[in-house]
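Q: Sharing a structure here in structure tokens format.
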């Protein structure tokens, strides 16, 4: 249930800005303006009766502020009809001149608003996106099309790779034709210039190679930094969400031949392998022990020897993989290749949880005779809330001395009260280590010197005392080396900090300075930042949740916090992502919505070379949108207890204000999460609105991300309380709308969303929500993992009342709903089936029977085994249709019908 995280390369970055108040836009079709200016333009164009052609170069322009049904909707405000009388020519000229003046002023004001600490009520602001304009003539999307890739945007993964001699703008391409090479490195600019002297470097000519008669087919590849050898993974098998095992090989580029990573154990499965920055060695973990293979020898060096069932070296256990690092590695090379840092994880005291498989046998072993009828059981070391955690400590390996050592840090947390959440190598043998206490509300930043083998805490932050919140694990801290020629006298680092109630960027220098230079501030919050750094020019760039939390835009700022510049076109309400080449001369810009996604590689403004190449336009989706009828999306805010909460309302095609529509609320709602996003997405909710004809509403309530820490942290210690009240209040707002049938309102969610669906209908007691659907729900936070749960709830020993309140336990209230549905995979290693089974037991004990249940044998949290994923959504859709058709009312208080019984009896020749 870990929130989605993303990291960024530690390589040097450059900005994407060209000068004051500029953004990079290939079409040059829009000038920089605030959203308020765009709103005015939309209104003026509507008065004039004009329309916008939102082609690829004008994505999302102009049509976000009014709806296609002629309603300029400010909640229940009057609307301006699209067929109004045209404005006279003189009025147009005056309005145009006034608009020009306003745009000029707003251009300067926008950045000041965005990062100037301005806070305003957004309750009545409404934005609409309608990407399909076929009306009633279009084709309806089907449920199969939602999941078979019909509506999935094509997306190219650009893998930037550093050049062995400092070259910038190099791409690693896999899967090219045999004539061009299966794996190759190519200069992004020269590949479009046939006269260029920069030729591609072919690393692997073919898509496979042979080693001693064994054909090796790569599933993942990692070129060495000098591009002379490729580390290859084959025979990959999934472990948990992020981890996998396989056979590893070393492929020599010059000879085009391969060899096992460990020639003495070529068939043994390896958990993790990574290159030395010097390209002369590979460190790897096998059977939870670490080894080093130097390319100068066929022998491997044992770094550790006592790894096994309870001791992990270099790889995380289940809970650290899921909740802290969101990855399969806890191994870090120093930049000079002299040292390796790694975590040792001791699970000796962690209780086991058995996951049973009734149909499949994931371990691949054939049971002994007589054992075929018994399920396979996989025991996981899984620390539930309040249970013993794994003990994790940081260790180091001196490559030259072949020695493992650790460094004590005075004043650090006790072993049982420590979570290590990030490790970043600095220069001259120094390491930055971020750790928290068990409940994740006190942060320590330590600096370790591996040369002197000393360490000290350089920064402490009590987040609980600051705002009652917590520390979210992240791996985005960026080391900034000293560079006196460019004004940096000391080493430092950039981190995300809490400033004036928001997540902002800060620069700490020297490296042991506890007081930062705050780089960003104001209304918006940075997202997984920093995204990159231009060391030469002293610039940081980052992604920000823009003027509206559902947007993503890219900005840059100087190391001293001055010259905040937009990179993307902030006058358009858009959702962007970006990655940069290792020298930051080029950027891979990804537009994700609200219109059809596209991808481009562009040169950055600091680059002397001007370059732009469209990588993907998704023309197939543009064509499909001309054929199909999709829902319209209304983005707006509602005010609940003084908080402006983002809402997405999906309306069916040909929406009619005079009709009464059923409403389905869809949510996730986990702490720091976000579901209301302006991304192109045709999903199950689209199917419900566009095919079934229901309204779908999503509310990012209190506790979710990018609406300020005050709204986020209020939920701590009492998960589900404020979040469910927000959903109930929102449902009451929608129930009062003239186009909503208040007797047909339902809610559904998966995982944390499943918990929220149950908690909401429990709190509501059938007064507003009549139906609910929960997939893989947590029903008692005592059953979920410790690191995630205690971050938001403290321990059960410290907060027993909070855990009692958060549990789904009021069966009397649940009995007042018409009906609800629970679905769960029996092999869920994340949210255990224990949650649903104990919940159903409570219902049985209290004689509650207004529910349905569906278990999926051997499916994990994603519910895919044996066609299960399709069945989940088919069942969900059918159940929902039956609910809104009133079928479940017939089961609410069933009574015999004599006429039906008589007809049935005649079919079998009986008499009654």
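From the backbone N, Cα and C atoms, a Cβ is placed for every residue, glycine too.
Dumping what Swiss-Prot says about this protein:
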type     : residues : note
TOPO_DOM : 1-92     : topological domain 'Cytoplasmic'
REGION   : 1-30     : region 'Disordered'
COMPBIAS : 7-25     : compositional bias 'Basic and acidic residues'
REGION   : 48-68    : region 'Disordered'
COMPBIAS : 54-67    : compositional bias 'Basic and acidic residues'
TRANSMEM : 93-113   : transmembrane segment
TOPO_DOM : 114-912  : topological domain 'Vacuolar'
CARBOHYD : 130      : N-linked glycosylation site
CARBOHYD : 210      : N-linked glycosylation site
CARBOHYD : 346      : N-linked glycosylation site
CARBOHYD : 569      : N-linked glycosylation site
CARBOHYD : 656      : N-linked glycosylation site
ACT_SITE : 751      : active site, charge relay system
CARBOHYD : 810      : N-linked glycosylation site
ACT_SITE : 828      : active site, charge relay system
ACT_SITE : 861      : active site, charge relay system
CARBOHYD : 897      : N-linked glycosylation site
Q: Among all chains shown, work out which of the recorded positions 210, 346, 656, 751, 810 has the most CB atoms within 10 A of its CB.
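A: The residue with the densest Cβ neighbourhood is 751.
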Q: Tell me the Cα distance separating residue 861 (active site, charge relay system) from residue 569 (N-linked glycosylation site), rounded to the nearest angstrom.
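A: The separation of the Cα atoms works out to 38 Å.
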Q: I need the nearest neighbour of residue 810 (N-linked glycosylation site) among the active-site residues 751, 828, 861, using C-alpha distances.
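A: Out of the listed candidates, the nearest Cα belongs to 751.
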Q: Looking at the recorded positions 346, 656, 751, 897, whose Cα is closest in space to that of residue 828 (active site, charge relay system)?
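A: Checking each of 346, 656, 751, 897 against residue 828 (active site, charge relay system), the shortest Cα distance is to 751.
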Q: Quick check on the glycosylation sites: of 569, 897, whose CB has the lowest count of neighbouring CB atoms inside 10 Å?
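A: Comparing Cβ neighbours within 10 Å for the glycosylation sites 569, 897, 897 has the fewest.
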Q: Given the recorded positions 210, 346, 656, 861, 897, find the one whose Cα is closest in space to the Cα of residue 751 (active site, charge relay system).
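A: Closest by Cα: 861.
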Q: List, in sequence order, the same-chain residues at least six positions removed whose CB sits under 8 Å from that of residue 861 (active site, charge relay system)?
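A: Listed in sequence order: 751, 776, 825, 828, 829, 830, 831.
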Q: Can you check what DSSP calls residue 810 (N-linked glycosylation site), collapsed to helix, strand or coil?
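A: Once the DSSP labels are grouped into three classes, residue 810 (N-linked glycosylation site) ends up as coil.
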Q: Rounded to the nearest angstrom, how far is the Cα of residue 346 (N-linked glycosylation site) from the Cα of residue 897 (N-linked glycosylation site)?
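A: Between the alpha carbons of residue 897 (N-linked glycosylation site) and residue 346 (N-linked glycosylation site) there are 64 Å.
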Q: Neighbour count, 10 Å Cβ-Cβ cut-off, for residue 828 (active site, charge relay system): what number do you get?
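A: Around the Cβ of residue 828 (active site, charge relay system), 21 other Cβ atoms lie within 10 Å.
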